[in-house]
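Enquirer: According to TrEMBL, the feature compositional bias 'Basic and acidic residues' maps to 228-251. Per TrEMBL, compositional bias 'Acidic residues' is recorded for 252-283, 290-299. Annotation comment: TrEMBL describes CYS110-CYS145 as disulfide bond. Among the features that TrEMBL reports, region 'Disordered' is placed at 209-312, 492-539. Under the heading transmembrane segment, TrEMBL lists 465-486.
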Amino acid sequence: MEEIRRKIWAQYAFLLLACCFFSQLYATSDVKFYESFDEAFDGRWIVSDKEEYSGVWKHAKSEGHDDYGLLVSEKARKYAIVKELDNVVDLKDGTVVLQYEVRLQDGLECGGAYIKYLRPQEAGWTAKGFDNESPYTIMFGPDKCGATNKVHFILKHKNPKSGEYVEHHLKFPPSVPADKLTHVYTAVLKPDNDVLILVDGEEKKKANFLSSDDFEPPLIPAETIPDPEDKKPEDWDERAKIPDPDAKKPDDWDEDAPMEIEDEEAEKPEGWLDDEPEDVDDPEATKPEDWDDDEDGEWEAPKVDNPKCAEAPGCGEWKRPMIRNPAYKGKWHAPLIDNPNYKGIWKPRDIPNPDYFELDKPNFEPIAAIGIEIWTMQDGILFDNILIASDEKVAESYRKTAWKPKFDVEKEKQKAEEEAESGGLKGYQKVVFDLLYKVAGVPFLGEHKAKVLDLLEKAEKQPNITVGVVVSVVVVVFSVLLKLIFGGKKQQQPARASAEPERTDGAETSTSNSQAAEEKEEQSEDAAAAPRRRTRRDN
């Protein structure tokens, strides 16, 4: 009996080992290519010999990790490097997953961090001669410069009618994450013609290769095109409306009448000071001690508003105000009528498109190599864990084991640095805001509750004004308490105090006094410098 039990356990163990072996073999077979850059890339990756690609690639650790990657080491350079695959990858059969990590350790202001999946060398390229013209099947990855900010997905597809390879760009691709963390980019090509774009494992875009709404230009050309030989007839009239040829200008239409005239009914106000100028020399201004008449010219006191004019209706020569001229009609134009000869907007006739073809599935070219050919103003770009697989779950497992631990560490470090830079203020602010929201909930605030909540919302969006908001809320609460206690006897003072927070709109609460002082100082400096500037300009 014991012997039989041992045989059963032996058979069970054998089956278990066999299952593990075949599952591992299956998982390995799903990986078409993988590069971890754990070892130096020399000899395995070929750097282009083209003179324009002077950027130096380095085998370097990702900042803060022991994990190595392929590093862009210099700014404002072009880079080109390629890795030929041991086996060509066919994109026509089943699912294909393209995935890789990239970390912008110094950010990305202008440059690319995408990968090109190259066609076989029979298409006309060499590893040493790898450049921008080397034929690829797919270009995928982040690119950012100026108005461009997107995760490219471009398919180069051959038109079977014309034989021309056309770049088809994914419409409305996702944007590039704006930080310095490691991100993983995934493109999943599905057998049902769908393509999924994932960033950090989250689906950001789903498209269909055969949909004209998803790619520009569409993979399937239009069935008809405008006839390039068709020309608009000379007598074709596209004017929907025309001036009425029978209309005539009325005899009483005065085109020369002015738009405005003097108000004849206006009278000069009593007390108008005809002989007083609107501005006078500043009586308090004195000639600067360093004024040199030979160099700076004759000094003139700056002008100020005439104080006598402030006490009178006005100064200087009185003129009648202008009013709209009731007789003004402007330039006469004949009214528009429907054009009897109108034929509509002309367009060339449609003809069958000679390049049109029908398509059930994209005619993908195979992938024979992986190339990185970029121009960037940034250094510190690190490529890592480049994967081609035939199973989405395999790609997911690589994200969990190779990418996610690094990302979590970087995220925690970033959070700690942000808190350190703020001097722990964020934690303090949270406590303060929790308390203030409780204060806003007290019943006696009544109609003032909305005002307090509005202040708190503004402060949460602008944390630098927290102190000003605390003061404002205290003023509001104190004002309401005074009204309750004294029953309105001291109504004026609380009203002025409670009105103050209503003008709170950001940092102005805490900086208004200093800004006012600075403006006053600038005005006094401008006033002193004004005569000097005016005299020199006149000379």
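Backbone N, Cα and C atoms are what each Cβ position is placed from, and that goes for glycine too.
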Enquirer: At a 10 Å cut-off from the C-beta of CYS145 (disulfide bond), count the other C-beta atoms across all protein chains.
Expert: 14
Enquirer: For the region 'Disordered' (209-312), what are the DSSP-based totals of helix, strand and coil residues?
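Expert: Here the numbers are 8 helix, 18 strand, 78 coil.
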Enquirer: Note down the number of other Cβ atoms within 10 Å of the Cβ of CYS110 (disulfide bond), including every protein chain shown.
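Expert: Step by step: centre on the Cβ of CYS110 (disulfide bond), count other Cβ atoms within 10 Å, giving 14.
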